[in-house]
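TrEMBL annotations:
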BINDING   VAL118, VAL290, GLY658  FAD binding site
DOMAIN    116-139  domain 'Glucose-methanol-choline oxidoreductase N-terminal'
REGION    615-636  region 'Disordered'
Amino acid sequence: MFGTLGITSCTAAAALFSIDTLQRRALSAHTSLRDGDEYDFIVVGSGAGSIVARRLAERRQRVLLLEAGPVNQSPLIHIPLLSLTAFVSFLKKYNWQFRSLPEPSMNDREIYEPRGRVLGGSSSINGMIWVRGHPWDYDHWAKICGDPSLSYSSLLPYFRKTESFETLQAQSKGEGRVKKIPAPAENAAASLRYHGTNGPLHISEPRFRHPISEALIEAACDVTGLFPNPDFGGEEINGFGCFQMNQWRGRRWSAADRYLPKGKRANNAADLHRDDLVAEFLDVRCDATVDRVEFDVLDALGEKEKEKEREGGESIVGRAWRTSVTVKKDGRPRAVGVRLASGPVIRARKEVILSAGVFQSPQLLNLSGVGDRDDLERVGIASLVHLPGVGKNLLDHIDVFVQCENPSGEALGVSLRGLVFQMQHGWKYLKSRLAQWRGEGDGDEDPFMGNLLMSNGVDSGGFMQASPESKWTDVQFHFFPGSFRDYSMRGFLNHMYATHVYLSRPHSHGTVQVVSKNVFHKPELRFNFLTEKQDVDTLLTALKTARKIMHHPLLAKYRGRDLLPTADCQTDAELEEYMRSHAKSAHHPIGTCRMGRESDSQSVVLASLSVTAVEGAGSSKQPERAPWRGGEPWPSTPSVVSPQFEVFGCEHLRVVDGSVFPTHIAGNPWGTIAALAEKAADDIVSTWNI
Ligand SMILES: Cc1cc2nc3c(=O)[nH]c(=O)nc-3n(C[C@H](O)[C@H](O)[C@H](O)COP(=O)(O)OP(=O)(O)OC[C@H]3O[C@@H](n4cnc5c(N)ncnc54)[C@H](O)[C@@H]3O)c2cc1C
């Protein structure tokens, strides 16, 4: 019944999306950036970066937000169901489309890793699922970093600050809703202890719940003995249920949608006023690629060197590799701006904040001479600060799936079946958008409730401990009432359904390594999935659970042939081989500029010049080598940033994005990245007393 997608009608709906006046003003306030232009703060990258940029602009700081990708105008971004196409492999406009090197532990396959290349960053192309990690994750970070500001109780106000949490109780009359699973609305009081109601990111239950998902939730509870969970971000994370979504009024809700100025969408008059203020102080530039951070090294030099530098001549960075110089004890290069790939150098009076994401923040640090001296030497970059943790500790949720044919045809997919159903939903969606455009109120009901076009394709799932021996939640499930095979349109051309399962806190970790001085050459990625035995064991146990769920009698109505793994794949050895040949990334990479204690950073300033001349700078203390300590995940690579996001060995430079996670979390990462960005903004405000 849920057949062919309403592509035609949806494309027509695209006409209704346009950037609002204030945002357009912010984008076009200056037509070109010139060498020597100055701002208080420069933020690079507009995912987490949008959040930091807005909060600083609210403090009347002149902020420049630079984004390599285009404006987020396309219906492929805004209409939830169509946004599934934004990360298929042939659509390059909004997606960096990273691929790893062939992975020896994964049968030499390259692992595909989409990343947003558009205003809003990956929050403009992601699955919109809004989950935070287990409280244990953040308390553990506080322990790793030796800083209580990272504990769950300290971060909870930031989680709440990001959210406008909507309960849909009043709107539950729409189609497609089955009331078997208690909704957060029914637990509103409990939920509101954990959720904010006045933040910039709209969060709500899914508006379209597929009957197959409802059956999968019931089957999962039966197989595991866990309960339906109405709110994974509430009291308890374990259990199965529907995910909350970043959606509002019929569309995706990304970081760019409310954190960047949008007058018309303000919640109230005070917000409108704030948006005017932000538009005045925040300059947003799309299609602007940064290729390095500019440093002033003068303050870091010994007196003799300072004199030489003042006299002019070749700069100290140019002399790297050739001359021995003395540097001051505790002297650090200070970030003073950025250079755009198009040439101009833009100055930052206060700080540069890198929010270029898990692959490109470490790349930019490397291109600027900050990173592992050996990695930089290999590509001919002079090292200003030897910071060996940059680009290490790449952690991702490895994702393996059980997939069955669905002869009932009741799954998402393109076919002639259900044409009427699809046309109805497409038409209804278009009518609702037109009504919105004409400024007509929604009345009591959300007109998008139960509409197929509001589906993200993965409306439900859950969390559990893979085995009775697990101490913490260590696996997550995603239920797909469709298929997304090979990230190509082929996946939409059949009716299937699937259960995906992934490791919440993987031990196996990889690297991001710069390959040239050119910012447009993508860095090399190595995930090293399933190189640690614990990962293989936990994922194997979880895969068997996923199979039991898929084979539950409640799903008999939908189930056809086992597609993957095939029915004859039964022994542990066969299932392990299946994981190595089919598991993929869940697209949650983190950790490549990980937070930690400075004593774990091994940073050495101006190391490429003459290590012997550096007195007392940095520390040679090795961090813990064991990735797990007493059964707990513990980073085995050096730290890069402080719990206040400051890059060790540098001044006036921070990294604020998913790359700072010290370990992975039980949950999709965007909610946590947004909360961390709110914390970072507060940390910056308190550093500068602004
Ligand atoms: C397909 C997909 C589905 C996902 N689904 C979910 C989900 O459902 N729920 C969830 O919680 N998480 C999900 N994630 C993960 C989540 O969206 C990301 O982890 C998160 O958005 C990353 O935020 P960030 O700020 O760290 O980086 P990003 O949002 O990736 O931002 C980095 C920005 O920097 C820009 N940039 C990079 N280099 C430069 C440069 N040199 N100069 C200027 N700009 C630059 C990039 O273009 C990009 O816009 C998904 C991710 C993907 C790709």
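Numbers here mean position along the shown chain, with the first residue as 1.
Cβ from N, Cα, C; glycine included.
Caution: TrEMBL annotation is automatic and unverified by curators.
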**Report entry** Spatial neighbours of the domain 'Glucose-methanol-choline oxidoreductase N-terminal' (116-139) far in sequence, C-beta under 8 Å, 6+ residues away
**Finding:** 45-50, 67-72, 77, 80, 83, 86-87, 93-96, 150-152, 154-155, 159, 201, 203, 232-233, 237, 243-247, 252-257, 260, 284, 286, 355, 357, 456-458, 463, 472-473, 504-505, 587, 663, 665-668, 670-672, 674-675
Query raised in the report: Can you tell me the mean pLDDT for the domain 'Glucose-methanol-choline oxidoreductase N-terminal' (116-139)?
Result: 95
Report summary line: Simplified to three states, DSSP reports VAL118 (FAD binding site) as coil
Query raised in the report: Which one of the binding-site residues (VAL118, VAL290) has its C-beta surrounded by the most other C-beta atoms within 10 angstroms?
Result: VAL118
Query raised in the report: Once near-sequence residues are set aside, which residues in the chain of GLY658 (FAD binding site), 6 or more away, have Cβ atoms under 8 Å from its Cβ?
Result: GLY47, ALA48, GLY357, VAL358, PRO589, ILE590, GLY591, PRO669, ILE673
